[in-house]
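So that you can see what the record holds, here are the features copied from Swiss-Prot:
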BINDING   14, 15, 16, 29, 77  substrate binding site
BINDING   33, 37, 40  [4Fe-4S] cluster binding site
BINDING   42  Mg(2+) binding site
BINDING   79, 127, 128, 129  S-adenosyl-L-methionine binding site
DOMAIN    20-225  domain 'Radical SAM core'
């Protein structure tokens, strides 16, 4: 029996945020999120019941088509995608996209980190929230940390998450944890959309803390999905 997942939307566009911004990408937005960020720009994705399901085979076929049309990466987002078990989806995507190329399509995950990792993921963007702290496993495994900034407390939280990520990697290196990443995560601060205070705080902080980089929702500025 095929695995089904609630789908808000899937589309071929450009990655607008983080280290991979500007890349051609196929997005799969899964329904369901219990994190409940007040500033969320995809609140329509929170409920699972309002979204139709699709099989992992259907999604993978669409991913393979997007790959043949130039999509360089596949991004699983939400909602909170780790509310779902992603093992079947990731495996099926790899099977379908390997037919188009010598290498399977890289799978990227955008998550708050409140649930444990499932599925074989090539790149993890951790966007932790002050009111819903991430699992230690995500702090160890993430490739980049992106914190949305609205007020000063968010900057303190961003530093706390960065420091905790480094600490967890040092611990897991000693214990040979298979999910740890030896290298430090890329660090991004992203001003809250339409937040003048967040924008100013972000700019001034990065000017004096060069380990952090600016992430903008460039897809919104361009008016694309």
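Even glycines carry a Cβ here, placed using N, Cα and C.
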### Query
Any idea what the Cα distance is from residue 16 (substrate binding site) over to residue 127 (S-adenosyl-L-methionine binding site), rounded to a whole Å?
15
### Query
Along the domain 'Radical SAM core' (20-225), what average pLDDT does this model show?
90
### Query
When the Cα of residue 128 (S-adenosyl-L-methionine binding site) is compared with the Cα of each of the binding-site residues 15, 29, 33, 42, which one is closest?
33
### Message
Within a 10 Å radius of its Cβ, which of these binding-site residues (15, 42, 77, 127) has the fewest neighbouring Cβ atoms?
### Response
42
## Note on the structure
Here the Cα-Cα span from residue 15 (substrate binding site) to residue 42 (Mg(2+) binding site), rounded to a whole number of angstrom, reaches 16
#### Entry: binding-site residues compared (29, 129) - the one with the fewest other Cβ atoms within 10 Å
129
### Task
Would you pick out, from the binding-site residues 16, 79, 128, the residue whose Cβ has the largest number of other Cβ atoms within 10 Å?
79
### Query
Taking residue 129 (S-adenosyl-L-methionine binding site) as the reference, which of 29, 33, 40, 42, 77 (the binding-site residues) have a CA within 10 A of its CA?
none
### Site with most surrounding Cβ atoms, counting all protein chains shown within 10 Å, from the binding-site residues 33, 37, 40
33
### Summary
Nearest by Cα to residue 42 (Mg(2+) binding site), of the binding-site residues 14, 33, 79, 127, is 79
### Query
At the level of the C-alpha atoms, what whole-angstrom distance separates residue 79 (S-adenosyl-L-methionine binding site) and residue 37 ([4Fe-4S] cluster binding site)?
10
### Task
Between the Cα atoms of residue 33 ([4Fe-4S] cluster binding site) and residue 77 (substrate binding site), find the distance and write it as a whole number of Å.
11
### Summary
Expressed in Å to no decimal places, the gap between the Cα atoms of residue 29 (substrate binding site) and residue 40 ([4Fe-4S] cluster binding site) is 14
## Note on the structure
Nearest to residue 37 ([4Fe-4S] cluster binding site) by C-alpha distance, among the binding-site residues 14, 77, 127, is 127
